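The next block holds one structure in the form of structure tokens; read it before the comments.
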Amino acid sequence: MASPSASSSPPDETTFLLPIPESPLSKQSPYSRPHGHSHSRSDSHSHSHSRPYWLRSVCSDHALWLSEASLQIKAAIPVILAYTLQNSLQTVSVLVVGRLSAEALATAAFSYMFAMSTAWLVALGGTTALDTLASSSFTAAAAGTADRSGLGVLLQRGLVVLSGFYALVALLWWHSETVFRWLGQEEFICVQSAAFLRCLIPGGLGYVWFESLKKYLQAQAIYRPGTYVLLVTSPLNALLNYLFIHRLGFGLYGAPIATGISYWLSFLLLAAYATFVRGSECWGGLDLRRACSHTAPFARLALLGVMHVGTEWWAFEIVALASGRLGTVPLAAQSVIMTADQVINTVPFGLGVAVSSRLGNLLGSRDHVGAKRAAHTGAMLSVAAGAVILAALMASRHTFGRLFNDDERVIRLVADVMPHVALFQIADGLNGSCGGALRGMGRQWVGAVINMLSYYCGALPAGIFLAFHGWGLVGLWVGQCVALYLVGVFEWVIVGMSNWEQEVANAMQRLEDGGVSNIAQDAAV
């Protein structure tokens, strides 16, 4: 925990949650004299040429914005690295399986795609409820308006609720063979992917718990341990996949077993870090009675978080399925573009997570001015990052495809589509940061509604229409580009129009509804 005299100690990760102190210059009276013991002519001459008050105020505000940007960048970098490493667990597994046969490669890729569209949404979307509640609870506890152990209770409640969500997904996986036949997949995909997912069921719960524990630490502005853990488990995952698939004779089904073990190892190592190194101060011990109470508000936020994240992911999966009907070359080009986009997307997604935690911390500390500044700083950082990515993609558009394929037709098609992929990077950045701001405010439903309207009520159907009326793969990505700009702009406008004093009140009310607030007790006293 940060000491009361935080200003006298060097900053570290835990100071990220603290409101940025106002500069003394901004509080100084415009009529105050500079301190000194004499008022000589030189002193008065110096004073007459000092900067006017309004200029000092502007400089002070500028410093606050720069400080906020620095905090968010420091928070976002380890989060981005962690999600990149997390995605690599599946990528490495697919690469190792690919040495068995083309059918095994197709089965593993399809199975992990289905897992991403179902169970991993519980992990990455459902845990946004912790982004909203846990981050506010932590700073509210520091201010004395929430129970100190409430953060640990929220983690336990999250594990209970999200495990229930995951049980429903596991049931779907167990009977997925019927679902795949209904989707018109080839017979070997239907049979082998269903078996693959059944083997992944135990390990998938480890993914959900690992992500929940990361959110618990991030709420305390502890961002790096997830990266540390994945730096250990990523190479172990490659080794385990090789052993289970090629040495122990499990073949294709060794991949989900090995990857599932890696997820549980990640969770256990992160739990060990939180217990023995840093992060246990707000645990408070196992309390299933409190964890299993007030579950409805948490479940509502978690479900809306799944919808917020899922409505975007499902749109990209629909594009992937539609590209398969355009022919072999468009499908190959789509695979190249989607592989690149999954890596690039970790940047806005990671920044959104950092913004969400930061905003929740500031709302919990009742700093509505700081919360507003944090939201707009995140938006500006995301636009800047998107512009850099846009420039990099445009500069490499004619050679990018060669990293994945030697077919000149695929390379040319990737070059044709790449301008549209590059163009939406700015919008995707806004989507990530402003979506994170909405999650920090507990307004996941707003993001879900905007996604539904932007993707499914206009841009996505238009893109599919264009694709099958002469535009091909370019048409699909034109639709995605339009959708992302609609989402990004609408979310930025809504965040910008927010009543931040009301958002502070809403955050306090959510903590009270969740049974972790001291406000009601204080009022009674």
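Count begins at 1; order follows the chain as displayed.
Every residue gets a Cβ built from N, Cα and C, even glycine.
The compositional bias 'Low complexity' annotation in TrEMBL covers 1-11.
Residues annotated as region 'Disordered' in TrEMBL: 1-48.
Residues annotated as transmembrane segment in TrEMBL: 158-176 (among others).
What TrEMBL records for 188-210 (among others) is transmembrane segment.
Beyond its flanks by at least six residues, the transmembrane segment (222-245) meets 13-14, 16, 75, 78-79, 81-82, 85-86, 88-89, 92-93, 96-97, 100, 214, 251-252, 254-255, 257-259, 261-262, 265-266, 269-270, 273-274, 277-279, 354 of its own chain at Cβ-Cβ distances under 8 Å. Summarising the annotation, TrEMBL assigns transmembrane segment to 222-245 (among others).
Annotation comment: TrEMBL describes 257-277 (among others) as transmembrane segment.
Annotation source TrEMBL lists transmembrane segment at 298-316 (among others).
Residues of the same chain lying 6 or more positions beyond the ends of the transmembrane segment (374-395) and with a Cβ under 8 Å from any Cβ of it are 65, 68-69, 72-73, 76, 344, 347-348, 351-352, 354-355, 358-359, 362, 418-419, 421-423, 425-430, 432-434, 436-437, 440, 492, 495-496, 498. The annotation transmembrane segment is assigned in TrEMBL to 374-395 (among others).
Here TrEMBL flags 445-468 (among others) as transmembrane segment.
Sequence-remote contacts of a segment are chain residues at least 6 beyond its ends whose Cβ falls under 8 Å from one of its Cβ atoms, and for the transmembrane segment (474-495) they are 312, 315-316, 319, 322-323, 334, 337, 375-376, 379, 416-417, 420-421, 423-424, 426-431, 434-435, 437-438, 446-447, 450-451, 453-455, 458-468. Sequence annotations record features per position, and here TrEMBL assigns transmembrane segment to 474-495 (among others).
A Cβ distance under 8 Å defines the sequence-distant neighbours of the transmembrane segment (298-316), meaning residues of its chain 6+ beyond its ends; these are 116-117, 121-122, 124-129, 131-133, 154, 157-158, 161-162, 165, 338, 341, 431, 435, 438-439, 442, 444-445, 447-448, 451-452, 455-456, 460, 480, 483, 487, 514.
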